[in-house]
Amino acid sequence: MPDTALRADTRWRAQERLVLPPLIRDWLADPGSLTARLRRHGPFRVAPRHGAIERPTLEEQAQLGRIGRRYALIREVTLYVHEQPVVEARSVLPLASLANANRSLGHMGSRSLGSELYRRPLAHRDQVWVRFGLSPSGQGPCWGRQSRFVKRGRPLLVAEHFLPALWELIRD
Ligand SMILES: C=C(O[C@@H]1C=C(C(=O)O)C=C[C@H]1O)C(=O)O
């Protein structure tokens, strides 16, 4: 586990502007599906914690661009491996991004959002931010990654906060 004597910060910073410890960079810069990578470490499940139609935060609006000013489906989940909470995620799915062929993204339940984003037509991750701060439920501080995905031309945000149990899991 890298030095955590970092000051917790709520601001997301462009990934390329941060020097990250190698282990952290290996996970935060991974271009593939986090779900697929976690599944390689043991039994995996997604536990939805919160779902509501709300306005994104001002920071999320800026990260989404113009579409961010409208209402979005906010989805907060905890990802478990071997029944250990390893990631807390908050996704911001603009309602305008959930129309037509993208509508399944708004009805994931306990299925991983990644299973839709990494299904053809593949979503592409066009920007990544990083921070060392609290998770959506207030755990931490821990490393977090905010990704902007574009699926069928429509943007959405997925923020993943990597909990201490993850680093214990991969060390064993
Ligand atoms: C984006 C992915 O989907 C994962 C699944 C999530 C969900 O079901 O809400 C949220 C964050 C991601 O870690 C992925 O697997 O890479």
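First residue shown is number 1, and so on along the chain.
Just so you know, glycine gets a Cβ as well, placed from its N, Cα and C.
The substrate site recorded in TrEMBL includes Leu113, Glu160, and the single candidate from Arg70, Arg75, Arg131 that the record places there is Arg75. If you compare every pair of Cα atoms in Arg75, Leu113, Glu160, the residues listed for substrate, the longest distance is 12 angstrom. Under the three-state DSSP scheme, Arg75 (substrate binding site) falls in the strand class. Packing around Leu113 (substrate binding site) is summarised by its Cβ count: 22 other Cβ atoms lie within 10 angstroms of its Cβ, all protein chains included. Taking the Cβ of Glu160 (substrate binding site) as reference, residues of its chain lying under 8 Å away and at least six apart in sequence are, in sequence order, Leu34, Val87, Glu88, Ala89, Gly144, Arg145, Ser147.
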